[in-house]
Amino acid sequence: MKRVFNFSAGPAILPEDVLKDAANEMLDYQNSGMSVMEMSHRSKMYQQIIDEAESDLRKLLDIPENYKVLFLQGGGTMQFSMVPMNLMKNGVADYIITGAWAEKAAEEAKKYLKVNEIASSKDKMFSYIPDLSNLKISEDADYVFMCDNNTIYGTKFHELPDTKGKVLVSDASSCFLSEPIDVSKYGLIFAGAQKNVGPAGTVIVIIREDLISKEIDPKTPILLRYDIHAENGSMYNTPPTYGIYLCGKVFKWLLNLGGLKAIEQINIKKANILYDYLDQSKMFYGTVDKKSRSLMNVCFKSTSEELDNQFLKESKAAGFENLKGHRSIGGMRASIYNAMPTEGVQALVDFMQDFEKRNEG
Ligand SMILES: *Cc1c(COP(=O)(O)O)cnc(C)c1O
């Protein structure tokens, strides 16, 4: 068996220990004689799995009592619909446009309410986080939407926008659990699991209880109502049982590492190995504003498209997978989520150095 260094933006690398552990339990989970996939979600055993996942996540993020944790389906994209459908009161929301995901979220929200795009970095292909010092927050905004880490471009908010008391909603799909955050600053945080915490098919929503309303359009599909999911402990219908189980294992893996402060230190060290190299290379360069750099998705290019393609071909042959940048911007992108070992990043930099030497001049 040979595992590659997988730099995919998502679905993405998971901790090898978690995968091994899950493999060991595949056929017979804790003497139940069945796999978690085959188990009733109403069984005592499964209830314990989901309860433990929630309590470990609460520990990791220090989630206040007045927030609910929901494990849902439909990926990050379904939240683009659920957020406006469930949070609208005045029918107005502010969106900060920092990339394709924020744009998609805003487009979807326009079906339900008036969307004000209060800041954007589209003018420079989303290569920076816009100035947040003087945002024109709408007086009647039901919420302010941001996409914390912009997976495609490799930018990240390093401070939160001042929402002037309005509810902050964050799409944290690609930086979830990569660093400590203060949950109480947000009204709602959501994250599709497949970037940093588990398999595709599960999305995690952390929502302040007072935002869970029953007074929403009664035509709202039942599965798109936060109140229904909250009342039923994410089990109104069958939840993504196996996905939640794996997320739970990743939460334990993080707790064992020392929690989010510890993983943040590792992530900073890891990202710096790559950024430091890019900053002194004569062939490769990072494509985003230095102050806006992501710790999770590192986007870079070389001096020509031809060389990019040669690099992609040779790196793949050498066991570095999924380094191709998103089709909308080209170049390269190394997604170095929590589960990417430091050795993986170091091996990539060694390869890049060697490639640069072989192709200079
Ligand atoms: C991947 C991604 C999404 C979309 O997730 P799906 O699960 O495919 O719907 C949304 N937002 C961000 C920031 C992402 O990285």
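A Cβ is built for glycine as well, from the same backbone N, Cα and C atoms used for every other residue.
Not measured: the values here are computed from a predicted model.
Per TrEMBL, the feature domain 'Aminotransferase class V' maps to 4-348.
Annotation source TrEMBL lists L-glutamate binding site at ARG42. DSSP assigns ARG42 (L-glutamate binding site) to coil in the three-state reduction, placing it in neither a helix nor a strand.
If you look up TrEMBL, you'll see GLY76, THR77, TRP101, THR151, ASP171, GLN194, ASN237, THR238 marked as pyridoxal 5'-phosphate binding site. Taking the Cβ of GLN194 (pyridoxal 5'-phosphate binding site) as reference, residues of its chain lying under 8 Å away and at least six apart in sequence are, in sequence order, GLY10, PRO11, ALA12, GLY75, ALA200, GLY201.
Per TrEMBL, the feature N6-(pyridoxal phosphate)lysine maps to LYS195. Around the Cβ of LYS195 (N6-(pyridoxal phosphate)lysine), 28 further Cβ atoms fall within 10 Å across all displayed protein chains.
For ligand 1, the binding-site residues lying close by, meaning a CB under 6 A from one of its atoms, are THR151; the full candidate list was ARG42, THR151, ASN237, THR238. Using a 10 Å Cα-Cα cut-off from ARG42 (L-glutamate binding site), none of the recorded positions among GLY76, THR77, TRP101, THR151, ASP171, LYS195 qualify. Here THR77 (pyridoxal 5'-phosphate binding site) comes close to LYS104, GLY192: these same-chain residues lie at least six apart in sequence, with C-beta atoms under 8 angstroms from its C-beta.
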